[in-house]
């Protein structure tokens, strides 16, 4: 799944970044949607609010698959209110064990006032060791830039925007049209 020309590799063509600092959580994504080597759209929104605006969620991967997973996550949050980690683990269990869900191709970052998590189809729910996490083709560039800026910038959004711009300058599957969601924590 690493060849960007392969249509199955479509989930690699994006960047989503989450940064926590000084009472603020910010999640950003680029807007580029690529199919193989073709840019299909430049202003897609890959970050959004769920659970009544209390949780920020971003995705890399097939859009329909991601929305299916967001709906499932919201159902888990209704069952386990204010327990993002528990809901994420329950979603990961379903994603790993239900045949229908196993075919979904997406990665999710979800965050509330207390935690930031990456949820994968392999059944992983990962909480980053640092206050920064990213996914997608430009994710490593954005992550490295954000971690490098973290000690020198006071504002989470400033860190996020600068890091995303660096990723957009390096990764051909990431553009400079950013969607930004913030949450006071």
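Glycine residues also receive a Cβ, built from the backbone N, Cα and C atoms like all the rest.
The active site annotation in Swiss-Prot covers 14. Per Swiss-Prot, the feature Na(+) binding site maps to 168, 171, 174.
Known features from Swiss-Prot, placed on the structure.
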residue	record	DSSP (3 states)
14	active site	coil
168	Na(+) binding site	helix
174	Na(+) binding site	coil
Apart from 168, 171, 174, which residues in this chain have a Cβ no more than 8 Å from the mean position of the Cβ atoms of those residues at the Na(+) site?
15, 30, 32, 137, 138, 141, 142, 164, 167, 169, 170, 172, 173, 175, 176
Once the chains shown are all counted, how many other Cβ atoms turn up within 10 Å of the Cβ of residue 14 (active site)?
28
List, in sequence order, the same-chain residues at least six positions removed whose CB sits under 8 Å from that of residue 174 (Na(+) binding site)?
13, 14, 15, 30, 32, 136, 137, 138, 141, 142, 164, 167, 168
Other than its own, how many Cβ atoms are within 10 Å of the Cβ belonging to residue 171 (Na(+) binding site)?
22
